[in-house]
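According to Swiss-Prot, the feature active site, proton acceptor maps to Asp312, an assignment based on sequence analysis. Sequence annotations record features per position, and here Swiss-Prot assigns ATP binding site to 193-201, Lys214, 314-317, Asp330. What Swiss-Prot lists as domain 'Death' is 20-104. Annotated domain 'Protein kinase' per Swiss-Prot: 187-455, in sequence order. What Swiss-Prot records for Met1 is N-acetylmethionine. Per Swiss-Prot, the feature N6-acetyllysine maps to Lys34; the stated evidence is similarity to another entry. Annotation comment: Swiss-Prot describes Thr343, Thr346 as phosphothreonine. For Ser347, the entry in Swiss-Prot reads phosphoserine.
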Amino acid sequence: MNKPITASTYVRCLSLGLIRKLSDFIDPQEGWKKLAVAIKKPSGDDRYNQFHIRRFEALLQIGKSPTCELLFDWGTTNCTVGDLVDILVQNEFFAPASLLLPDAVPKNVNTLPSKVTVVAVQQKPKPLCGKDRTSVISDENPEQNYVLPDSSSPENTSLEFSDTRFHSFSFFELKDVTNNFDERPISVGGNKMGEGGFGVVYKGYVNNRTVAVKKLAAMVDISTEELKQQFDQEIKVMAKCQHENLVELLGFSSDGDDLCLVYVYMPNGSLLDRLSCLDGTPPLSWNMRCKIAQGAANGLSYLHENHHIHRDIKSANILLDEDFTAKISDFGLARASEKFAQTVMTSRIVGTTAYMAPEALRGEITPKSDIYSFGVVLLEIITGLPAVDEHREPQLLLDIKEEIEDEEKTIEDYVDRKMNDIDSTSIETMYSVASQCLHEKKNKRPDIKKVQQLLEEMTGS
């Protein structure tokens, strides 16, 4: 017979079946991230940093459960069921906590998930440690929520955006202008430009104008309901925010098999691609990099002035037009906040882990998290290195800050040598700005206006 589970039972001694049951509760809506950031070392420091969380996240791509792998890993430290239940209760995971120690759950709470919306998902892999999962759409800050209309009813096919300046395309039109969403890369004569967590981008031609068509598609662990929310949010933000340094949305389609967004085409791709010299493009000069940094800061400043937090600032989301003018893109995760100076909490942790501020990993939504992410982008601009590389030491680019502060290296050791117009003084200045943006404590980071000022002083513009 199996021994009864007590608070002193080691997590590593739990049966695989029980761990699978726990993962069924914790995997949806990335609850495992909340669990991971709550786990501490005996010293009180975080056990898991951004890189660890990114690795757990990557397990979804091969059909594994992050919760299972997290518990397997943490279990090697001789943590107990009592330790686990404490964290579960603190984060209001009452149902899985009651599976382990029913008496540890407060008597006045319901251990069944409340306000659950079960939604269909497309192409969702089956986790190797758990059953097929449904997404739980949680009731976040009610002032922040925007209720989507029922897109299945004919009168709501425009998703209530008929009063915006955007053109409503038919799905058939977009299929036609993208050669039936030709999946072949542009380099071999197809239309596919790239893909991300929320869809695939295709090159198309509308009235002799080149456009970029993003067809939203449920990737790993993203439900169709979340996809609709991304679509809705992107249009809402774009309707309110127009600026030289924000990408321009031309229209959308919501009448077909997939939701689509149509943008002005950016011929020079993303900052990420140009820094890596993708497809043999020449390296960006230092002067050009400074211009791009200032443009991106201007775009972010406009968003913050208009009470929007982007939540996914990264080099892949900074696009470049024919003049290499920076255009911030991808507003599907953006949040509007009337109480902009205050921190808002969310049960849904989103963003790209290698760029995420410590508080963002805890579910806080604050403009200072955008500042932190922008600090990582500035390091990419200086070094030409990607934000994360598992074959590099340090693997996370933001960790070079520690090496420089410990005087093991200087920023000169990391400067991208592909540039032929290196200016040591302005590089030091940009690194100083990046370092301030990357302060662990959000209140110690500069606001975007200060960042703008420092970058302008750097170039004398």
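The first residue you see is number 1, and the count goes up from there.
Here the Cβ of each residue, glycine as well, is placed from N, Cα and C on the backbone.
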**OP:** Measure from the CA atom of Asp312 (active site, proton acceptor) to the CA atom of Val201 (ATP binding site) and give the result in Å, rounded to a whole number.
**Re:** 18
Original post:
Which has the fewest other Cβ atoms within 10 Å: Glu195, Asp312, Asp330, the recorded positions listed?
Top reply: Glu195
Subject >> Helix, strand and coil totals (DSSP H, G, I; E, B; other) for the domain 'Death' (20-104) >> reply: 61 helix, 3 strand, 21 coil
**OP:** Can you figure out which of Glu195, Asp312, Asp330 (the recorded positions) comes closest in space to the residue listed as 'N6-acetyllysine', comparing Cα atoms?
**Re:** Asp312
Subject >> Local Cβ density at Val201 (ATP binding site) - other Cβ atoms counted within 10 Å >> reply: 21
**OP:** Please report the number of other Cβ atoms within 10 Å of the Cβ of Gly199 (ATP binding site).
**Re:** 24
Original post:
Does anything in the same chain, at least 6 positions from Ala316 (ATP binding site), have a Cβ under 8 Å from its Cβ, and if so what?
Top reply: Gly196, Ser270, Leu271, Leu272, Thr352
**OP:** Output, ordered by sequence, the same-chain residues six or more apart from Met193 (ATP binding site) with a CB under 8 Å from its CB, or 'none'.
**Re:** Ile186, Val201, Tyr202, Lys203, Ala212, Gly269
Subject >> Overall pLDDT of the domain 'Protein kinase' (187-455), taken as the mean >> reply: 89
